[in-house]
Ligand SMILES: Nc1ncnc2c1ncn2[C@@H]1O[C@@H]2COP(=O)(O)O[C@H]2[C@H]1O
């Protein structure tokens, strides 16, 4: 069994970070603003943001764990079919909460009120990706962003969000 990399203290508590990407279908369907609005209104802090045309190489690495699945080729083609909005959001329990906000991988299993529950119908066009653990968030953020692209800033609302 692979040893677990310990989470650095700077990545825990209110400083936890997750990687979220609006997929090409989400960009084409003009869902970027609505999705970002949900994360902002929830109280998470945006620390990284860019519109990128992802290379197949980057996507193969991003989805490396799924490489033997029959849909892998189609997934890479879909994800490279247009620009993606890559984001890093920060806040307490952001990895777990973002997954809840996204809904289930299959939109049909996603409750109304979630992003996938509200805006899509099929698993191969599920509009958004979010890291599934703190560990994969760290890997995905370093794959998609340079350190210099991540911003540290003091949020004036943090004292109203955290005790
Ligand atoms: N059965 C499937 N058929 C096609 N694509 C899938 C299937 N299961 C998962 N995926 C895709 O693989 C992706 C893996 O993580 P995502 O959250 O980005 O969203 C998933 C879907 O886009």
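Note: Cβ is positioned from N, Cα and C throughout, glycine not excepted.
Counting only residues at least six positions away in the same chain, the Cβ atoms of 19, 20, 21, 23 sit under 8 Å from the Cβ of residue 129 (active site, pros-phosphohistidine intermediate). The active site, pros-phosphohistidine intermediate annotation in TrEMBL covers 129.
Of all Cβ atoms in the shown protein chains, 22 besides its own fall within 10 Å of the Cβ of residue 116 (ATP binding site). The ATP binding site feature in TrEMBL is assigned to 23, 71, 99, 105, 116, 126.
Each residue of the domain 'Nucleoside diphosphate kinase-like' (15-152) gets a DSSP state, and the totals for helix, strand and coil are 66 helix, 28 strand, 44 coil. Per TrEMBL, the feature domain 'Nucleoside diphosphate kinase-like' maps to 15-152.
When the neighbouring Cβ atoms lying within 10 Å are counted for each of the binding-site residues (23, 99), the highest count belongs to 23. By the rule that a residue counts when its Cβ sits under 6 Å from some atom of ligand 1, the binding-site residues 23, 99, 105, 126 yield 105, 126. Other Cβ atoms within 10 Å of the Cβ of residue 71 (ATP binding site) number 12 in total over all chains.
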